[in-house]
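Chemist: After the structure tokens below, expect a handful of questions from me.
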Amino acid sequence: MRTLTVDLNERSYPIYIGRGIRQQKALFDEAIHGKQVMIVTNDTIAPLYLDAMVDMLSADYKVDTCILPDGEEFKTLDTYGTIMTSLLEAKHNRTTTVIALGGGVVGDMAGFAAATYQRGVPFIQVPTTLLSQVDSSVGGKTGVNHPLGKNMIGAFYQPQAVIIDTDSLLSLPQRELSAGMAEVIKYGLICDVPFFDWLEQEMPALMSLDNDKISEAIYRSCLAKANVVAQDEREGGVRAILNLGHTFGHAIETQMGYGNWLHGEAVAAGSVLAMDLSWRMGNITDEDFRRTVDLFKAAKLPILPPVNMTLANFVERMALDKKVLDGSLRLVLLGALGEAIVTSDFPMEDFNACLTDALEASKQANLAIS
Ligand code: NAD
Ligand code: GLY
């Protein structure tokens, strides 16, 4: 097992990465404060992993469960209300601990419930998708979607611990593995060129779930994220670089209807758009751009936006981004490979051209298939 720390003074916490550690009770005992536990999961993950966790913890705790419907389309205030109702009906008090057992959707919602139940109770992240293991379970962003925008309602609230069992990836569908790989590649692009080089070499092994390699990819990703979060917990500055591709990506997810394009797929297509704009601005080379596109392709991710979106759709959706400051759109771009910048200083004609060209390429690709 490997351990990392997210260094946030009194809110610091460990990230454990290892095989089978979902069933290491000692890791939970360290992080559970009282005698009550509420495990929040969904109806896909429950049949796979819930009973074993309930059995393990029931020896020492009063364990209740809350099983949510599966899907990004259920990441709503209504579903958040379901978690609150479960906590109240089972009479959980302020010393209860919420455990999020699942992917980013469960983690974001359970975290938001923990942040707000009786003004805040401890919680533990047990992420079960690659995406949640390398990104969403670390750093304390919690929340739900609004029909008008992704993750528009939420709170910064750090977990007590993140317990990453790499064995849970064995049951993950390949499309979800690819989606998680988008966030892994992101770390190489924004801050770690040697990691980007390593990913180019190891992508086939990673896609076939070689355990040593996937553990290494998770470790390096969590290390990068923990480092950024420790510098800027509440995204006053540098943390925004973690959103490479997300402004374009959130526009895609919202426009296409939550759950139709997976978050990681939208981030992949969005990252290619951000790289394209960075290339048009002369910040990265032809070779950097080509390598990035090839790496996303090797991870079986989309590199073009949805065929049925328009430039106007992007402009309208992106105007709602949380990084908009005083009315001007700020984007995460690259100043060079491995060096992200957050800027509103980009030529509008390049922004329009990169979207127009990508949308046209998407139409051509679609025509070629049909
Ligand atoms: P997800 O939670 O929807 O999980 C993907 C699918 O895999 C679901 O159907 C889920 O039930 C299933 N699943 C989960 N674990 C499984 C397993 N081990 N075996 C089989 N099936 C399994 O999606 P995700 O990609 O994990 O997370 C995406 C969400 O995370 C989005 O809502 C996004 O906004 C959010 N996110 C949050 C942050 C953050 O910092 N909080 C960062 C990135 C993404
Ligand atoms: N996923 C972006 C962040 O955690 O800041």
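A Cβ is built for glycine as well, from the same backbone N, Cα and C atoms used for every other residue.
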Chemist: H246, H263 bind Zn(2+) according to TrEMBL; which of E183, E316, E339, E349 goes with them?
Modeler: E183
Chemist: Grab the pLDDT values for the domain '3-dehydroquinate synthase N-terminal' (66-178) and give me their mean, rounded.
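Modeler: Averaging the confidence scores along the domain '3-dehydroquinate synthase N-terminal' (66-178) gives 97.
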Chemist: CA-CA, which of the binding-site residues E72, G104, V106, T129, K150 lies nearest H246 (Zn(2+) binding site)?
Modeler: K150
Chemist: Measuring Cα to Cα, how far is K150 (NAD(+) binding site) from E183 (Zn(2+) binding site) in Å?
Modeler: 17
Chemist: Taking the mean position of the Cβ atoms of E183, H246, H263 as the Zn(2+) site, which residues outside that list, in the same chain, have a Cβ no more than 8 Å away, listed in sequence order?
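Modeler: Leaving out the recorded residues gives L131, D135, A182, K186, N243, G245, G249, G264, A266, V267.
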